[in-house]
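Student: Pasting a structure below so you can have a look.
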Amino acid sequence: RRPGAAARMEEEEEEGGGGRGAAGSPAAPARFVRCLYAVGFLDLFGVSMVVPLMNLHIKSLGASHTVAGVIGSLYGVMQLFSSTFVGCWSDIVGRRCSLLACILLSALGYFLLGNSTTAFLFAISRIPVGIFKHTLSISKALLSDLVSEKDRPLVMGRFNAASSVGFILGPVVGGYLAEFEGGFYQTSFICASIFLLNGGLVWMLPWSEENIGNRDHYQDKGTNSFAAKSNCDLHLKSATSRAVTNSSFFQSPWIQVAAVLKKIKGIACSNLWDVFLVRFLMSVSILLYYSNFTLALEERFGVKPLFAGYLMSYSSALGVLAGCLLGPITRLYQHNTYRLLLHSSTFTCVLVLLYASALSIWMVILSSTFLAFSTTIGRTCIIDLELTVGGNEASGTLLGVGQSVTSVGRIIAPLLSGIAQEFSPCGPPSLAVGLALIAIVIMNANKQKYRSHGSVKLKKQ
């Protein structure tokens, strides 16, 4: 009752100060969205403290390079098979239950990692994280539920920027703690504690205010708009459906499994194949660019690994700036996500080609500078296009499938990179250019399909 009472008190104050309709309706979703920015920041801050230290730790446990590689790939394989199911599960049981479950079980995984004194215990600790570490995907699905289609790229860009700030700061803190005796174990426990803090933050979110505020947000902005009314009705319907399924969260697991499989079948039979193929090709292209980045700079220009690390941190910082600038950029493109994705992908292809043919380190710095912008914009646009074509009703499933597609890219990219490096240090980025060109051709071939932004929805089979 406390969140509801607080909401009523705030509404009374806003009515006394000039009317509820002017400021009351978007207040709750705005607070909710800002809290989700904090959730994204804490998530990647905790993870990035531990991940850079994991290879050193598993080798210190006596594991061979082969064993370390197998355990390292274990996470990617589990993410591949679990992301679609967990994303679809969040559509069935609701965002709150699924997000809390994923955060707490991820915290358990990092707690076990802090107790891993053998390679076997290290591998066991990666299982709950590999299966349930989908907190960012569920948070993005929740954001897509909260905001309108027009504002979604801006909000997603800011969420990615907040998460990227955590990814920049985390390795610094983790590297400092690693200097102490038993530093890895301390870092893992701190990471688990951060996830528990994140779980508490999610638990205390004003979920009842979010439902009221989101309903009023649609009604106030779309009084004379049939489309806005339809969006409001759809949101209320899906919110009611989630409320019903939440009541049987622990009572009907087989019904939940059947519903998950039904949703996955709907995605598999939909007209989204080209969107996911573009995402796959661009993901592999970018992964190939970074796959041998440090080694290639050393072989081509005699640059030390420390400089490459600084250059990657510089690119990450620019990625945060790009996320903040996404709002003005989308307004410049009149919220045409498809056209923005096409142009950003083309720009990415040109910049990777510039890097592959660079004759000096300054050309590498130039390409890295603008590539940070194009990749950040492209990553946000492809998610927005998935949700636009698929519809918000299955947003968790769509984001889960997209994450699975990216996981496939993470598995394939190292293999392609190793083969390409046999021929030249520029082999991986050159292959990346070819894959990006294929993605651009696919987008051009389907431009008629996405010419009217938002008009295409997921086909039910």
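Numbers here mean position along the shown chain, with the first residue as 1.
Placed from the backbone N, Cα and C atoms, the Cβ positions cover glycine too.
Keep in mind that what you see is a predicted model, and the values were worked out from it rather than measured.
What TrEMBL records for this protein is below:
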- 1-25: region 'Disordered' (REGION)
- 32-451: domain 'Major facilitator superfamily (MFS) profile' (DOMAIN)
- 35-54: transmembrane segment (TRANSMEM)
- 66-90: transmembrane segment (TRANSMEM)
- 97-113: transmembrane segment (TRANSMEM)
- 184-205: transmembrane segment (TRANSMEM)
- 272-291: transmembrane segment (TRANSMEM)
- 311-333: transmembrane segment (TRANSMEM)
- 340-365: transmembrane segment (TRANSMEM)
- 427-445: transmembrane segment (TRANSMEM)
Student: Quick check for me: are there 3+ Cβ pairs below 8 Å between the transmembrane segment (184-205) and the transmembrane segment (66-90), leaving out pairs under 6 residues apart?
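Tutor: No, these stretches are not in contact.
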Student: Top stretch among 35-54, 311-333, 340-365 for CB pairs under 8 A with the transmembrane segment (272-291)?
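Tutor: By Cβ pairs under 8 Å, 340-365 leads among 35-54, 311-333, 340-365.
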Student: Over the domain 'Major facilitator superfamily (MFS) profile' (32-451), what does the predicted model average in pLDDT?
Tutor: 79
